[in-house]
Amino acid sequence: MVECYAISLLLLCLFSFSALVLASSPCPVTGLPLVRNISEIPQDNYGRAGLSHLTVAGSLLHGLKEVEVWLQTFSPGTYTPIHRHSCEEVFVVLKGSGTLYLATVSHGNNPGKPQEHFIFPNSTFHIPVNDVHQ
């Protein structure tokens, strides 16, 4: 996502993984509470100023087999690099607005021309497996 406007872009991201990838996942970590306070979950920014990333529920931390839930906040002007995943992604935009760049014709190192999609509060979008996006 790129060009966040007046307020931060807050995303709830859901990732679905294939069974092949998860066949080697470790056993769930014991002792984690069933109900957790999001404000107590460790944050990371992956070296990108203006990004806040929380793994709310994930395969490695919580023993989930097919889904991972992230909460991300992008400050105005913050964006991800162009990238792709070997899993599907579903986003729910809670606050803010911006532009999604998505190349649906992605072949090898030639992702094709990305299409621009405006995203806004209460919108949702789906990124197919291996589609290049930003």
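A Cβ is built for glycine as well, from the same backbone N, Cα and C atoms used for every other residue.
The signal peptide annotation in TrEMBL covers 1-23.
If you look up TrEMBL, you'll see His83, His85, Glu89, His133 marked as Zn(2+) binding site. Counting Cβ atoms from all protein chains shown, Glu89 (Zn(2+) binding site) has 20 others lying within 10 Å of its own Cβ.
Of all Cβ atoms in the protein chains displayed, 8 besides its own lie within 10 Å of the Cβ of Asn122 (N-linked glycosylation site). Residues annotated as N-linked glycosylation site in TrEMBL: Asn122.
Candidate binding-site residues: His83, His85, His133. Fewest other C-beta atoms within 10 angstroms, His83. Between Asn122 (N-linked glycosylation site) and Glu89 (Zn(2+) binding site), the C-alpha separation comes to 16 Å.
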